[in-house]
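Q: OK, Swiss-Prot features for this one:
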- 1-49: region 'Disordered' (REGION)
- LEU72, GLY73, ARG74, GLY75, GLN76, PHE77, GLY78, VAL79, THR80, LYS95: ATP binding site (BINDING)
- 330-360: region 'Autoinhibitory domain' (REGION)
- ASP380, ASP382, SER384, THR386, GLU391: Ca(2+) 1 binding site (BINDING)
- 439-474: domain 'EF-hand 3' (DOMAIN)
- 475-509: domain 'EF-hand 4' (DOMAIN)
Amino acid sequence: MGNRTSRHHRAAPEQPPPQPKPKPQPQQQQQQWPRPQQPTPPPAAAPDAAMGRVLGRPMEDVRATYTFGRELGRGQFGVTYLVTHKATGKRFACKSIATRKLAHRDDIEDVRREVQIMHHLTGHRNIVELRGAYEDRHSVNLIMELCEGGELFDRIIARGHYSERAAAALCREIVAVVHSCHSMGVFHRDLKPENFLFLSKSEDSPLKATDFGLSVFFKPGEHFKDLVGSAYYVAPEVLKRNYGAEADIWSAGVILYILLSGVPPFWAESEDGIFDAVLRGHIDFSSEPWPSISNGAKDLVKKMLRQDPKERLTSAEILNHPWIREDGEAPDKPLDITVISRMKQFRAMNKLKKVALKVVAENLSDEEITGLKEMFRSLDTDNSGTITLEELRSGLPKLGTKISESEIRQLMEAADVDGNGTIDYAEFISATMHMNRLEKEDHILKAFEYFDKDHSGYITVDELEEALKKYDMGDDKTIKEIIAEVDTDHDGRINYQEFVAMMRNNNPEIAPNRRRMF
């Protein structure tokens with residue numbers, strides 16, 4: 001279940017992770033965060049300036065104020081660029097959303113709400129700041145703080161050593177964001193490690209929450225029914241389509257579990273399997289490294305991951321927990337090095353597997369995809385060879401599929417491997433074919449041979465780089481990280497057995513001693 005909005009900017013290569021600055025003292029439960037600042041009015045527009053249909057104010061040319069540089073990231077609805085303020089020379093990130101992609105009223109409302117929420121939350125140290133919003137005839141442009149310090153997990157991995165105390169400091173910053181959001185009537189709904197970036201490469205850089213595209217305003221006791229979020233981090237009540245802001249606490253608890261162990265608490269070979277595990281609620285505290293982790297840490301995780309949302313700790317109660325406090329009980333001894341290794345693998349593995357599954361889909365016989373080819377043709381109404389979001393939106397109901405708007409967007413994001421905003425034939429097949437067919441031995445062999453260009457029986461670093469770059473799937477550093485993690489015999493290349501283990505999710509390095517539950 002992917003999130004349905006575009007990603008925020010990703011920064012340059014990461015530096016060793018910082019020891020984050022402490023958050024406000026947890027005993028200040030009733031602390032009032034700074035009042036939301038009113039957005040700075042845009043410069044006066046010409047008398048005949050047209051009104052923007054998204055922001056509802058006179059259109060402005062963002063390029064008159066900012067110089068656009070390189071692309072930083074790309075998502076379903078837009079592209080994020082590095083921009084420079086012409087008058088001051090200061091650098092920012094600009095999320096540019098093409099208005100032609102905002103085809104429905106809900107799309108427009110989502111962008112408006114994202115702008116409103118980011119302005120509303122302005123002033124918090126751990127929330128990325130929106131500096132301005134501009135609309136012209138082609139796009140809505142959101143100017144934001146530039147986060148150049150890298151993703152949360154990346155910096156931990158780069159450092160290579162880590163302690164419970166460091167995990168507690170990071171968790172404090174994450175929960176402080178939740179506390180501020182909830183106290184100001186905002187429900188984030190998509191808390192996950194990828195949505196936390198460090199502002200700078202310095203050791204004391206603050207951690208910043210980004211991407212409020214799924215966030216909503218809420219009142220105490222209000223419940224929601226739409227299925228949103230990301231599979232590993234989604235709360236059980238969200239899957240039951242009756243949930244409130246307590247779901248943010250669950251997501252933060254999942255992040256804390258991963259910070260301490262390197263793997264998610266609810267793990268399976270498919271998204272449906274993950275959802276079943278979430279609903280069952282069994283949390284593994286017996287496998288390594290949990291026996292050596294403090295009781296205080298385990299106590300907090302358990303209280304954040306209670307199945308009944310009413311029994312979960314509130315953000316204020318978490319900040320007062322003895323383990324997480326700045327002067328609290330979290331020990332400073334390093335966590336087992338395998339935690340870093342497993343975290344690295346969890347972050348990197350899916351990219352290679354997604355490409356491999358697409359390769360498998362491209363080699364399936366007509367017999368194996370009976371019905372799927374015709375379904376693709378019926379959805380591809382303009383015969384372009386690709387399916388757009390609009391074609392999915394209009395075509396699925398005609399096929400008898402009852403699916404919500406948010407689920408349609410999630411399907412698009414999950415299936416769109418190369419991130420170009422459309423689903424091609426192979427992407428469609430790999431997303432809709434039952435996994436047991438994709439994992440047949442002969443299909444995996446074909447995928448392996450696709451990467452093994454010289455038929456040596458091994459996939460080398462160069463072969464992997466060549467194949468993945470065709471799909472724009474990561475930089476050299478990430479590619480080398482992937483091969484290092486899949487290469488369990490450490491000979492610098494991937495043999496067929498290692499490739500099969502990766503495809504079938506049986507790699508013991510990912511989930512040691514974890515029993516199959518499905």
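In case you wondered, yes, glycine gets a Cβ from its N, Cα and C as well.
A quick note: this is a predicted structure, and the numbers were derived from the prediction, not measured.
Give me the structural setting of these features: burial, nearby parts and distances.
A: In this structure, THR80 (ATP binding site) is part of a beta strand by DSSP.
For the region 'Autoinhibitory domain' (330-360), the predicted model reports an average pLDDT of 66.
Under the three-state DSSP scheme, GLU391 (Ca(2+) 1 binding site) falls in the helix class. Long-range neighbours of GLU391 (Ca(2+) 1 binding site) (same chain, six or more residues apart, CB within less than 8 Å of its CB): LEU379, ASP380, THR381, ASP382.
Taken residue by residue, the domain 'EF-hand 3' (439-474) breaks down under DSSP into 20 helix, 2 strand, 14 coil.
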Q: Taking just the CA atoms, what is the gap between GLY78 (ATP binding site) and THR386 (Ca(2+) 1 binding site) in Å?
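A: Distance (Cα to Cα, whole Å): 18 Å.
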Q: Taking the Cα atoms as reference points, how far is ARG74 (ATP binding site) from THR386 (Ca(2+) 1 binding site) in Å?
A: 19
Q: From the Cα of LEU72 (ATP binding site) across to the Cα of THR386 (Ca(2+) 1 binding site), what is the distance in angstrom?
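A: Roughly 25 Å, rounded to the nearest whole number.
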Q: Using the alpha carbons only, what distance in Å do you get between SER384 (Ca(2+) 1 binding site) and THR80 (ATP binding site) once rounded?
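A: On Cα coordinates alone, these residues lie 27 Å apart.
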Q: Check ASP380 (Ca(2+) 1 binding site) against DSSP and tell me helix, strand or coil, would you?
A: coil
Q: Could you tell me how many residues in the domain 'EF-hand 4' (475-509) are helical, how many are strand and how many are coil under DSSP?
A: 19 helix, 2 strand, 14 coil
Q: What does DSSP say about ARG74 (ATP binding site): helix, strand or coil?
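A: In the DSSP reduction, ARG74 (ATP binding site) maps to strand.
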Q: Relative to the Cβ position of ARG74 (ATP binding site), how many further Cβ atoms are located within 10 Å?
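A: Result for ARG74 (ATP binding site): 17 neighbouring Cβ atoms inside 10 Å.
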